[in-house]
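Worksheet: the structure to be examined is printed underneath.
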Amino acid sequence: MAGPINDDVRLCPISTSADALARIKTVTHHEYFESYPTVKSWMKKHTNNPTQRIKNYFISYLPFLSWIYRYNLTWFWSDVIAGVTVGAIVIPQSMAYAGLAKLAPQFGLYSSFVGVMIYWIFATSKDITIGPVAVMSALTGSVVEAVHKDHPGYELHVIASALSLISGCIVFALGMFRLGFIVEFIPLPALAAFMTGSALSIAMGQIPTLMGNNKYLDTRAPTYLVFGNFWKQISHCNLNAALGLTSLFLLYFIRFICTRAGKRFPKREKLFFFFNTLRAVFIILLYILISWLINRHDPDHPRTAILGAVPRGFQNMGVPYIDSTLLSAFTSYLPLTVIVLLIEHVAIAKSFGRINNYAIDPNQEMVGIGVTNIFGPFFGAYPATGSFSRTAIKSKAGVRTPLADIVSGSVIILGIYVLTGIFYWISQASLAAVIIHAVGDLIVGPTTLKSFWQVNPIEFFIFWAGVLVTIFSNIEYGIYVTVISSGVLLLFRIAKARGQFVGRVLVQQVKLFADDYEHLTTRNIYVPLDHSDGSNPTIIPISPGNGIFIYRLNESFLYPNANHYIELLVEKLFRETKPGKSNCYGSLGEQPWNLKTSRHPERDTQKDDSRPCLHALILDFAGVAHLDITGLQNLVDVRQQLDRYANKRVNWHFVGLSNPWLKRALVSVGFGSSHEGHTVFSVANIHDHIDCGENDNAVALVPILDSNRPLFHADLDEAYEAAITSLPAKDNAVIFNNNNS
């Protein structure tokens, strides 16, 4: 086993002789000894100025302090326009989404209000707007129904509020402890599958409401069953179908006309944008009028489904109720709820941050989502997160700061206290059309699917697995399948990381002109011997030969992949070199049981074996960011194995050690040192203050890397030359160089 590392790493030239150091100084007049990191130095670096760090930590919870003092009228009018636009849209959307959550319409309004009024204080995104969204509402509806079925004593909105409170606390804790990187483990195909599957499930669940036969089938059943049962009950469609289908047609028609008109009349593009943005509001108002005309004579027995009475004001304010029974009832749904809250919000925030050229802080966004969902239940709200459609509208409307949310909140307040009488006549079929129209934009299109296939067919199939599971089961299982599948794929890629044996190619850099070209430089590059990187197969890389091998590692050397890396390495070394002794074992009894040989190994020995003896191994660590204890122990074990095989000490050269902790780990088990000292090393010119003020105008050569570590090299050329130089004279015959390559 690798021994423990003394934290106070004091390195002295234990293996580099005084004569070798003297030779270095003869060439360079200077030595360089690298100071390796210690836990003490790391702690000092990360706890430097703790007062300021603590102050910055708590100030980071209130990002608005960095811009509020610069607020101005230009920003204000842009925020008012964007805020009013979003507020007008969120009112009908939130009432429709509340139905997905199996709650009364007012709870959607409550959630919208709390989302916009609290989030802006903690926001690092100016574009995103928090409130009810289709997928989260559908998931909440599933949880509410499942818990209510087992515990009918709890009201539906009580269950939803408790779910919001607990999930908000979890998300807030993740943000507080700066665990936002967790979201990065959910890849784009998993997110796309989740959104597409959810959109298809939600849309199919709303079609019966759109057509008026929703009372004759279970719209919460798996999507494929809803689809089949819908056609079985198609004869029960009624007047609602006329309202729903025409609403859906008008929503798409208005979008098509406004989009085309905006392109044809660029000067009026902004006007058409607002018409397009507010199309859902226009449709709801139009069908409120139609619904009133149809049902005004007998509102208690309406001919079409209407929304019904919506209480004025906040009727469910108070401390949310939760007890151990209720908590245990939905505990199994909390991981999924947290995942949905996070992936949709953070993905949207990052996307619009890139579009509008600003960076968001995922940790702070988690804090914002968490606080919103913690305080929301006190107003009667259910779980809310970032909305893609409203965020896109808000961004295109020209929002300048998160303060636009206050304007949106004012519009929602107006709806809650003034417009509830009008809400009574909203057609349920038109609300279903609004939902179907909204979630339709979440479905991944053929262009994106084509790109998935071209980039990675495996992830393409993961996407379809998530969508199909959602259709034939439910949204929850669809999310789990995609996330787990993506995680397994990630682990497989790490565990099966492959190294590459590389050889040298002499290349010339040429600069082309209109009528001529200029030869610039000549240099060596190292490419895989098997051309696995796609390099031109007609170019034959020159293998180092002489028992020297160059092995490139493309990923970190960690416990999942260490053994796989080593197996490929040892297999090739044993195949292309001969043992240091013709018979490593004195007798049959000394042979290991699993040795693949006969009872008389001397007969199997090749008398004219032209393979070289193993001399040196060069490891290209340029792609290695981390080395753990298991990986290091694998290197130690293989070093001992190869020394026995070669019947001598095999030199291990390392190139591209970019992390001081990598060097510290390797040095701790004896890598990097050589009894021969430095024979080949890289130097650089430096100016001024070389000799503590003496000869300030002089130019001197200084070593680039630690003078004590002759087997740590600056590049592959240096490492190869060092390996060649250390060859015994009788083996120093076939050496490739720039002249014969």
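From the backbone N, Cα and C atoms, a Cβ is placed for every residue, glycine too.
What TrEMBL annotates here:
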DOMAIN    538-723  domain 'STAS'
TRANSMEM  103-122  transmembrane segment
TRANSMEM  158-181  transmembrane segment
TRANSMEM  188-207  transmembrane segment
TRANSMEM  239-259  transmembrane segment
TRANSMEM  271-294  transmembrane segment
TRANSMEM  326-348  transmembrane segment
TRANSMEM  403-426  transmembrane segment
TRANSMEM  461-492  transmembrane segment
Feature contact check the transmembrane segment (326-348) with the transmembrane segment (158-181), CB under 8 Å, 3 or more pairs: yes
Seg_contact(the transmembrane segment (239-259), the transmembrane segment (271-294)) with at least 3 CB pairs under 8 angstroms, min sep 6: yes
Seg_contact(the transmembrane segment (403-426), the transmembrane segment (271-294)) with at least 3 CB pairs under 8 angstroms, min sep 6: yes
Candidates 103-122, 326-348, 461-492; stretch with most C-beta pairs under 8 Å toward the transmembrane segment (188-207): 461-492
Confidence summary (mean pLDDT) of the domain 'STAS' (538-723): 83
Result, the transmembrane segment (103-122) in contact with the transmembrane segment (326-348) (3+ CB pairs under 8 Å): no
Cβ-Cβ under 8 Å with the transmembrane segment (103-122): same-chain residues at least 6 beyond its ends: 61-64, 86-87, 90-91, 93-97, 128-132, 137, 140-141, 144, 156-157, 160, 307, 310-311, 314-316, 364, 367-369, 371-372, 375-376, 379-384, 402-406, 408-409, 412-413, 415-416, 423
